[in-house]
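K.L.:
Quick one: structure below, then a few questions.
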Amino acid sequence: MKRIAVLTSGGDSPGMNAAIRAVVRKASYHGVEVMGIFHGYEGFIEGRMELLDLGSVGGIIQRGGTKLFSSRCPQFKEDRYQYQGIEKMREANVEGLVVIGGDGSYRGAHALSQKGFPCVGVPGTIDNDIPGTEYTIGFDTALNTVIESIDKIRDTATSHENSFVVEVMGRDAGDIALWAGLAAGAESILIPEESYNIDDIVNRIKRGEARGKKHSIIIVAEGVMSGSELAKILKEKANIITRVSVLGHIQRGGSPSARDRVLAGRLGAKAVEVLLEGRSGRAIGINNHQIIDYDIEEVFINKHKADVTLYTLSKELSI
Ligand code: ADP
């Protein structure tokens with residue numbers, strides 16, 4: 001291959017820029033050019049791209065978001081738009097593509113591979129919900145943002161002797177809630193993967209109060225219910241008054257953590273290697289500290305599983 005392309009798609013995550021940089025630098029190391037496609041699959045369909053030279057990815061390793069912009073592009077699910085994009089790539093002598101994104105973006109990469117256009121997927125999402133890889137780019141940074149926010153909330157909770165419900169991102173995956181809950185010492189954590197028991201949450205708060213504790217932090221992943229819904233239930237059920245904090249989009253932003261930068265560098269470089277070896281339809285990931293690649297179809301067949309041992313542990317540690 002003489003020329004490949006890279007795009008970022010779906011929800012952005014901190015570390016995507018570091019991954020783009022790794023793709024460009026690794027390809028350049030092998031004498032291969034990289035085209036940067038703007039606005040995800042939207043730009044792919046239209047052939048909206050430019051050559052990324054070594055300097056163009058300088059000074060971005062520490063920046064959140066994505067230099068190439070991202071988009072949701074529903075029409076890309078249709079074959080004709082996929083073929084249109086492949087045609088644009090062929091006209092520009094682009095022979096392969098690195099897609100950095102979540103599982104929706106992987107479906108696009110898979111569809112292109114099936115149509116004979118070599119593609120690999122690099123996991124970029126704060127949700128940590130891609131089957132086959134232990135971590136995704138952006139998860140660690142998001143987690144640190146959440147923990148920092150909860151620490152601050154705890155300061156005011158302590159001062160005013162209030163309890164807080166903190167709503168974090170995670171529609172289907174509870175990893176952010178779970179890890180942040182454990183790291184910030186939350187009294188209760190609600191995640192989509194585990195059923196919750198309101199009596200248990202109430203009892204934990206009451207037990208704490210009996211010990212002289214004046215505040216509690218309860219973390220709820222948005223996929224379970226909203227923070228205000230939970231606050232309402234606690235009020236109605238046990239007359240427990242809580243303040244609600246919805247962390248929202250701050251969880252997606254910020255300078256990537258060291259761990260995310262290193263992960264992005266390793267995964268981005270591996271994606272280039274896989275493409276240059278002539279392989280397609282692969283997902284890149286990390287397992288037991290090793291960088292791996294596997295059939296991208298496994299992402300759709302398997303389901304991401306949060307580490308439930310952490311859930312049990314958090315309950316034990318916040319009695
Ligand atoms: P994420 O990649 O973060 O999971 P989305 O689920 O929104 O985000 O997917 C991002 C984009 O991937 C979509 O806007 C669409 O362009 C493309 N995509 C999603 N599902 C498919 C599919 N089944 N076939 C082809 N492309 C898809």
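Cβ coordinates come from backbone N, Cα and C, glycine included.
Fair warning: this is a prediction, and the values are worked out from it, not measured in the lab.
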K.L.:
Hey, TrEMBL has ADP bound by ARG21, ALA22, VAL23, VAL24, ARG25, GLY185, ALA186, GLU187, ARG211, LYS213, LYS214, HIS215. Any idea which of ARG3, ARG48, ARG154, ARG252 it lists too?
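P.N.:
Among the candidates, TrEMBL records only ARG154 at this ADP site.
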K.L.:
According to TrEMBL, ARG72, CYS73, GLY102, ASP103, GLY104, SER105 bind ATP; so which of GLY11, GLY15, GLY31, GLY170 is the extra one listed there?
P.N.:
GLY11
K.L.:
Cβ under 6 Å from ligand 1: which of the binding-site residues ARG72, SER105, GLY185, HIS215, HIS249 qualify?
P.N.:
ARG72, SER105
K.L.:
Other than its own, how many Cβ atoms are within 10 Å of the Cβ belonging to LYS213 (ADP binding site)?
P.N.:
15
K.L.:
Cβ neighbours within 10 Å, counted over all protein chains: which one of the recorded positions ASP103, ASP127, GLU187, GLU222 has the most?
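P.N.:
That would be ASP127, with the highest Cβ count within 10 Å.
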K.L.:
Round to the nearest Å and give the CA-to-CA distance linking GLY104 (ATP binding site) with HIS249 (substrate binding site).
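P.N.:
GLY104 (ATP binding site) and HIS249 (substrate binding site) have their Cα atoms 19 Å apart.
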K.L.:
Grab the ATP binding residues from the record (GLY11, ARG72, CYS73, GLY102, ASP103, GLY104, SER105) and give me their largest CA-CA distance in Å.
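P.N.:
The span, Cα to Cα at its widest, is 14 Å.
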K.L.:
If one measures from the C-alpha of CYS73 (ATP binding site) to the C-alpha of THR125 (substrate binding site), what distance in angstrom results, rounded to a whole number?
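P.N.:
That comes out at 17 Å between the alpha carbons.
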